[in-house]
Structures are given as C-alpha cells and as structure tokens.
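Student: TrEMBL lists these features:
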DOMAIN    1-134  domain 'NADH:quinone oxidoreductase/Mrp antiporter transmembrane'
TRANSMEM  22-43  transmembrane segment
TRANSMEM  89-111  transmembrane segment
TRANSMEM  123-145  transmembrane segment
DOMAIN    143-226  domain 'NADH dehydrogenase subunit 5 C-terminal'
TRANSMEM  171-192  transmembrane segment
TRANSMEM  204-224  transmembrane segment
Amino acid sequence: ISIMTMFMSGVVAIFEYDLKKIIALSTLSQLGMMMFSISLGLYKLAFFHLLTHALFKARFFLCAGILIHGAGNTQDIRSFGGLSLNFPLVTVCMNLANLSLCGVPFLAGFYSKDLIVELACQYSWGIFVLLMMFICLSLTVLYSVRLTYLSFVGPCGGGTSISVCESDYSLVGPVVILSFTSLVSGPILSWLNFPAPVLIFLPVFLKWGALFFVGVSLLVMLSLQGLT
C-alpha cells in the first residue's frame, strides 16, 4: 500500500499544474515513504524522516504562498515562468527544498530518505518491490524538476502580475531561517536519533542505485523540457 501510495501520488503530480496540489501530492508521497519505513519495522527512522521532511516542506509551502500571493493569487504554474527574475531569493530557497525532497546528498532529506532506501535493500522483498521503490524515487525528481522549470526557468505564461517584492522581510524572513535549519538539520537530527553510527553494507549496484535513478530521471526531465 505504501509503495502504491508513493507511485500514484508521483504519477499524478507529474501531470498536475496546480502549485498547491503538486506540493500536497509531494507530501502524500513522503507519507507513503514513512509508512514504507514503518512496514519494515523502522519506526524510529520513519519519525526521523518526518522531522527532516517537516523542515523543508514547511519552507516549500511558505515559498509557494509567496509566489501565489505575488502572482495575483494564481496557482497555475503554466502562467508563471521566469519568476526567478522577480523572486531570486525565494527561487533559491524553494529549489533547496526541491533538492532536499529529491534526496540530494548532504541536504536534510538525504539523511533520512537514503537511509530508508538502503535499509529496504537489505530485506528480501523481491525485485518488483525494489524496482517500484526506485521508480518512486525517480518520479519525485521528475515532478520536482518540472515544477522548477515551469515556475522559475521556462518562458512566462503571460498570466501573472507581480505585486510583491522580496523587500518584505516578514515574508522572506521565515523562509530564509527555514532554509538554514534544513541545511544543517540533517546531521544534527541524525546524531540525536542515532547516537551510534549506522553502517550499511550493500552491493555496489544497490548502493548507487538510488543516485543512479535520481540522475537518470533528472536528465530525462531536462531533455523533455529542452534544457539539454
């Protein structure tokens, strides 16, 4: 059930254009990851992922709120495009949240997500479950890159009217603080939850499997968006 939750929410997020719905589906996908960890009996690790996920997802929602408010309450990412010129700081903070969500090394999401994936590889689930797990990781990268491209990099859809600038510190201040905490919270929460180092020994193809699928899906989405 947890694997299918991640898979279905990831597939729907790829075809969704509502910014808030994409983030909500992303949250559902990560809840599936937590339930998957619980199904392995890794309750403490599921709580660890809940903590790291809460930090960067809170920043995600705040950044989305700033963008929607600044774009005249527009939630359709097709009408965004080129917002990095108007919101450079929010762009950096939101992309950091995206990278944490994808499990990029040394960001908050990496410390919990990668640990769940590696421990799952030690269980005798069969090739189908492992393949579905890696596909779900790829789907996360796909909809994250798509969101970044359509919102910040792609051509302007012509439907936005920027009415808020980043000089309003009451808006961008909490986002910057959360960005800092999510950068350093990974190792800190890891040390607090697991005082003893967790060493996992896996074959090379499994050890690098997650990063391989993340890299391939990143290249695929960049190619689809015409950036390569």
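FYI, residue positions are counted from 1 along the chain as it appears here.
Any Cβ shown, glycine's included, is placed from N, Cα and C.
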Student: Take every residue in the domain 'NADH dehydrogenase subunit 5 C-terminal' (143-226), average their pLDDT values, and give the whole-number result.
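Tutor: Over the domain 'NADH dehydrogenase subunit 5 C-terminal' (143-226), the predicted model scores a mean pLDDT of 76.
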Student: When the domain 'NADH:quinone oxidoreductase/Mrp antiporter transmembrane' (1-134) is classified with DSSP, how many of its residues are helical, how many are strand and how many are coil?
Tutor: 101 helix, 2 strand, 31 coil
Student: Residue counts in helix (H, G, I), strand (E, B) and coil for the domain 'NADH dehydrogenase subunit 5 C-terminal' (143-226), per DSSP?
Tutor: 56 helix, 0 strand, 28 coil
